[in-house]
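*Asks:* Sharing the features that TrEMBL gives for it:
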REGION    1-24  region 'Disordered'
TRANSMEM  79-103  transmembrane segment
TRANSMEM  115-135  transmembrane segment
TRANSMEM  162-185  transmembrane segment
TRANSMEM  217-237  transmembrane segment
TRANSMEM  243-261  transmembrane segment
TRANSMEM  273-293  transmembrane segment
TRANSMEM  305-328  transmembrane segment
Amino acid sequence: MKNKNSNSNNNIDNNSSSNNNKNNNNNNKYKALGAIRQLKIHWVEPVASVLELTKLINFDFDVVNLNCFYPSDNPVVKFVFQLLAYPFCVTVLGITWAISYLAKKPVRFDNVFNINGIVLFALFIALTLTVLLPFQCEGNPNGTTSMLTNPGVICYTSAQHVGMVALAVLGVLAYPVTIITWIGWTTVKYPSRISTGKGLHLVQRYRFLFNRFHPHAYYYGLVLMIRNAFVAILPVALVSAPALQVVAMGTLLMTSAAVQSRVWPWRTEAANLADLTMSCFLVVVMLGAAPLLDLGQTETEGTLGVLLCIAVLGPLLVAVCAIAYSVYRRFSPASSYSVFLCHHKGGAGSLARWLKLQLANHSKRQVFLDSDQLEDLDLIFDTVRSQTKNLVVLLTPELLKRMWCAGEIVTAHRNKAAKNTNVTTSKQHCK
């Protein structure tokens, strides 16, 4: 019964994890729309009305009219309310945790910590974009600069803006810098901690960071954080170059989609497909928004001319580099593997595994064992030809009857790829 209960709990956790994957994907993409809304684009209906809905999830409280609670229309006070949005969420979470103790149904701290992590992931783009808003200034015809989100505030000269900049610096240190540093340190330490006795405790507490992804992509939470940071930074950093805003944002989203499709990090197929599909839709949004850029004709032609020139010459440069690299690999091959174990699995599989373990214990050189490289079997002869320094043949009665083994020996001999070919019989070695 105990095992059944634990299995059912694991199934529930896995199901909730897959649901969280989809929900977090949706939240991140909605937050990205909020950052895209900050670009200097003349949005047209009906998309303009749709993007207005992203104001609230990006802490733009003008939607709910805070003047009802605070009569003075002070941008500094409004900015303070925006900065306190996350502490408010943490306070609500803490009160809920305290109520669970009073009700004698306490929630584990690891669960509370995990919920807080999910909230941080969901709000990270909004928090980063919010703390950077005082630095998003655009020029005026009279030579001054004012905030893009509040044109009545003159940048770096008015007392209000100086106060907002001071708060923004504290916000940058408290939110994006602290969060990315914490997530980065936890991710770097994950492999060593997971191998200790505290590994299970770490996994339980950081489910929001690691359990959503496949084990081979445990680091992808940090990748998402860094990507989301750039999504929030681009509208602010390139406020004076709107054409670059659209191109840079589109490039970032396209690169993110390419990395995600290559790594395929999410644990569920649905989450991977949803993430990839939404990223592609955001790229389409950027393509459709390009003609709506609010620019002067001269500035548009100059900036876009350079960008298009780079885009046209880019494929040619990539092709030249690929050809040059192929020629270099052909005439100056690098030996990636010091030892290539050629063996028949039925007769010397265990011996080959034992040899690899012994070599790994006494040397840092790479050893090729095809059982560990099943995804590259179609390139196995090329590996022998161009990436092998020593071919070690474990001679058993059935070895030369195997096509792959005979091909490896012939390839090494004809191409003179392996400097040394060592032949060992498994019976003699076992004795």
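Just so you know, glycine gets a Cβ as well, placed from its N, Cα and C.
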*Asks:* Is the transmembrane segment (162-185) packed against any residues at least 6 beyond its ends, judged by a Cβ distance under 8 Å, and which are they?
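*Replies:* For the transmembrane segment (162-185), the list is 75-76, 79-80, 83, 86, 120, 124, 127-128, 130-135, 153, 156, 209, 221-222, 225-226, 229, 232.
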*Asks:* I need to check the long-range neighbours of the transmembrane segment (273-293): which residues 6 or more away from its ends have a CB within less than 8 Å of a CB in the stretch?
*Replies:* 22, 25-26, 29, 32-33, 36, 39-44, 242-243, 246, 249-250, 253-254, 256-257, 260-261, 266, 300
*Asks:* Which stretch from 79-103, 115-135, 217-237, 305-328 shares the most C-beta pairs under 8 Å with the transmembrane segment (243-261)?
*Replies:* 217-237
